[in-house]
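See below for the structure under consideration.
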Amino acid sequence: MALERTFSIIKPDATRRNLTGKINAMLEDAGLRIIAQKRIRMTQEQAETFYGVHKERAFFPDLVKFMTSGPVVVQVLEGEGAVLKNREVMGATNPANAEDGTIRKLFGESVEANSAHGSDSPENAAIEIAYFFAGAEIVG
Ligand code: RTP
Ligand code: MG
């Protein structure tokens, strides 16, 4: 399998509980390398654009409010099959349905406050990475 990059977010429910290090250790243990990382407060505009695909969904306003409610850590992860691998380590969207040992099972509080985001395809990963990082900030 080829080296691939994906975009990851440690969400506000996780930064609030000081879980950045624990989540990063799980990503690294899975063979993913954190090649860019910064802690930011997402603006309303960034959250609305980032989750724009969901803008017609009933949960969209709540989701934007949640994603701007505290600091997030945005990351670029690199590894073999990084997109799928990261989705595996995160687990299902709803922590109640996530496999044991996954980030969302261990740390997720609800279907919304589910601790982590990971790109769902290499195409979206490229778009999401470019939205939050300049090329020079990514050191592979
Ligand atoms: P993400 O995009 O954050 O990696 O999560 P995902 O692919 O597993 O799930 P997606 O369907 O893309 O949903 C994006 C985020 O919206 C919140 N959500 N809330 N209240 C609800 O029913 C609901 N459903 C989704 C979650 O924060 C989810 O991760
Ligand atoms: Mg998604």
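One is the number of the first residue shown, and numbering goes on along the chain from there.
Glycine is treated like the rest: Cβ placed from N, Cα and C.
Any TrEMBL annotation is an automated prediction that lacks curation.
Features reported for this protein in TrEMBL:
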| type | residues | note |
| --- | --- | --- |
| ACT_SITE | HIS117 | active site, pros-phosphohistidine intermediate |
| BINDING | LYS11, PHE59, ARG87, THR93, ARG104, ASN114 | ATP binding site |
| DOMAIN | 3-140 | domain 'Nucleoside diphosphate kinase-like' |
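Feature annotations (TrEMBL) mapped to structure.
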residue	record	Cβ within 10 Å
LYS11	ATP binding site	26
PHE59	ATP binding site	12
ARG87	ATP binding site	19
THR93	ATP binding site	15
ARG104	ATP binding site	24
ASN114	ATP binding site	24
HIS117	active site, pros-phosphohistidine intermediate	21
Listed recorded positions with Cβ under 6 Å from ligand 1, out of LYS11, ARG87, ARG104, HIS117: HIS117
Helix, strand and coil residues within the domain 'Nucleoside diphosphate kinase-like' (3-140) as assigned by DSSP: 64 helix, 28 strand, 46 coil
Spatial neighbours of the residue listed as 'active site, pros-phosphohistidine intermediate' among the binding-site residues LYS11, PHE59, ARG87, THR93 [C-alpha, 10 Å]: LYS11, ARG87, THR93
Max pairwise CA distance, angstrom, over record-listed ATP binders LYS11, PHE59, ARG87, THR93, ARG104, ASN114: 21
Mean of the pLDDT scores, which run from 0 to 100, over the domain 'Nucleoside diphosphate kinase-like' (3-140): 98
